[in-house]
Amino acid sequence: MLAPGIYRKRKAARPSFFATVGTVIGRSSFLCTFPQIGYSTVFFWEYFGPLAVYPLFFFFPKYLYPHLEAPKQHHLVQKLAVAYWSFHYAKRIIETFTVHKFGHATMPIFNLFKNCAYYWGYAAYVSYFVNHPKYTPPNEKISLACLGLALLMQLGNLRSHIILSNLRKPGEKDYKIPRGFLFNYVTCANYTFEIWGWLLYSAAVQSIPAYLFAITGALQMTQWAIAKHKRLVKTFDGKDGRPKYPRRWIIFPPFL
């Protein structure tokens, strides 16, 4: 869920405070560089966790709910929920190696543990309740409709990531104005699709942990989107031959 999205990877190249700390004393400069790790490696492991953890509660209720009788058969909503969740994170892993282009080669290794704790922890939290033996599914037709729309949101997210990946030609580093598809109306269309996907998933399963996961991700993506929008507006100010950034929603029309 990202989650972290493509805009986070396209920010201007500058040293991270947590990656490099310089202390200047008089004329001497002491540079301490913390251990680094590749972006694709971090993304793989943070996405692999939810892909592996969530299904455990679905396939092995006998061991993960030892004091409760395992159901003879899962509800249809539970089956579709695990399928949707698995599709999403499999998609993310594939995108990491085939679609996304990273502005930095590496990040502080601490991010690996922080990101994995977030994604893996939420995967267990959401799955525990959605696949609980005493889980009561909501109206099946409503759940099917919500998950169907959520799947469309994921496909829209994929399309948005492909557009962002093709913004720059090989060797180019300058910012570009995203155009086409929902980007003609929303600055961070990829986040828009991501947020709606998880809100619809939450509505389908009717689980408080799922809503918390969706809201937490939405708040983080909103911060990234606002920063991205401000940067593009400032960069493309219509002066000195630069194009003027068009008027667009930031992330969540009609509210923001």
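Any Cβ shown, glycine's included, is placed from N, Cα and C.
Same-chain neighbours of the transmembrane segment (44-65): 71, 74, 78, 82, 85-86, 89-90, 92-93, 96-97, 112, 115-116, 118-120, 122-124, 126-128, 130-133, counting only residues six or more beyond its ends whose CB sits under 8 Å from a CB of the stretch. Sequence annotations record features per position, and here TrEMBL assigns transmembrane segment to 44-65 (among others).
What TrEMBL lists as domain '3-oxo-5-alpha-steroid 4-dehydrogenase C-terminal' is 106-251.
Same-chain residues lying 6 or more positions outside the transmembrane segment (112-130) and placing a CB less than 8 Å from one of its CB atoms are 1, 3-4, 37, 41-42, 45-47, 49-50, 53-58, 64, 78, 81-82, 85, 205, 207-210, 212-213, 216. The feature transmembrane segment is assigned by TrEMBL to 112-130 (among others).
Annotation source TrEMBL lists transmembrane segment at 142-160 (among others).
The transmembrane segment annotation in TrEMBL covers 181-201 (among others).
What TrEMBL records for 207-226 (among others) is transmembrane segment.
Residue counts for the domain '3-oxo-5-alpha-steroid 4-dehydrogenase C-terminal' (106-251) under DSSP, helix first, then strand, then coil, are 96 helix, 7 strand, 43 coil. On the 0 to 100 pLDDT scale, the model's mean across the domain '3-oxo-5-alpha-steroid 4-dehydrogenase C-terminal' (106-251) is 95.
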